[in-house]
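Okay, structure first, notes after.
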Amino acid sequence: MSKTMKGVSKQAPGYDQMAFIDLSVPEATDDKVLIKVAYTGICGSDIHTFKGEYKNPTTPVVLGHEFSGQVVEVGANVPKVKVGDRVTSETTFYVCGECDYCKEKQYNLCPHRKGIGTQQNGSMANYVLAREESIHLLPDHLSYEGAAMSEPLACCVHAMYQKSHLELKDTIIIMGPGPIGLYLLQIAKEIGAFVIMTGITKDAHRLALAKKLGADVIVDTMKEDLAKVVNEITDGYGVDKVYDASGAVPAVNASLPLIRKQGQFIQVGLFANKMVDLDTESIIQREIEYIGSRSQNPYDWPIAIHLLAKGAINIDEMITKKYPLTEWREAFDKVMEGNEIKVMIESNPEEF
């Protein structure tokens, strides 16, 4: 195995500031596992990092946290994971292990948490390091491409299973037909909920895909009256739950009066600004439970991998482009054009 590798690194804060650099291949010591990366999905957070939209980012750092690969080396304190195992990994690289959240394995809430691809070098490289506790073995029939979607799917499982307990009887709105919205849709249909998927005119191709993936109703909110659609479907009561994957304040405020009294609003997408103006009148008067859903934790991953392995998620429809690691910039540009669903980077295309 070579002692050096290539990686896509955010070198400094600000717009772009990206470079394709040489790095030393990390060593798997203690409880760490070294993974030869097969695929990495480009996440919306990677694009925000590229654009310099996060304050005080850790730099330099190799990006990438949605990945799959094969174990090539294990540390001395790794009893279960073996060289040759096909794996994916949670994004948690370090937690304090002492706070109340860590004691409940709610690692996404640990105030000292460090994540792969954000504070610790990530998977947009030939190799990535992970801790054994974060590793999940892949079923034999689950492809590396599909497994690289485990992380964003786990985030959606967290929102639907843990934070809001979506049920068969529920009628819901999912706002934003990007990758996260489409993952939420497919989970909801697996559960059996009635789904109204919303977007705007430029999302036409994504709304069409949403219909193909099982959305009961699709609504272009620039052309159709969402309130009228919801009131007709729910006899005026409103939907049971709204999941926002858009991070668009106008969309959020348009949906709040359409939630059934004592219903739920689940914020999955991130807003561009820390402070936003919300329709608090609807939240109060309708007794809406407004819920934040942050990332994922260990409890979400087995469900996500099971959904992928059983075919509940349409892997082929979700992955619309693949690029070798050397063409990472073209891959980022393609994502930023806004016409793709999920773009994958192949770190070792000659081997997987």
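Cβ coordinates are placed from backbone N, Cα and C, and glycine is handled just like the others.
From the candidate list Glu151, Glu167, Glu190, Glu224, the residue Swiss-Prot records in the Mn(2+) 1 site shared with Cys43, His65 is Glu151. In this structure, the binding-site residues Cys43, Cys96, Cys99, Cys102 were compared by how many other Cβ atoms lie within 10 Å of their Cβ, and the smallest count belongs to Cys96. Of the recorded residues, Cys102 (Mn(2+) 2 binding site) and Cys43 (Mn(2+) 1 binding site) place their C-alpha atoms 25 Å from one another. Secondary structure from DSSP puts His65 (Mn(2+) 1 binding site) in coil. The 10 Å shell around the Cβ of Glu151 (Mn(2+) 1 binding site) contains 27 further Cβ atoms across the protein chains shown. The candidate set comprises the binding-site residues His65, Cys110. Of these, His65 has the most other Cβ atoms within 10 Å.
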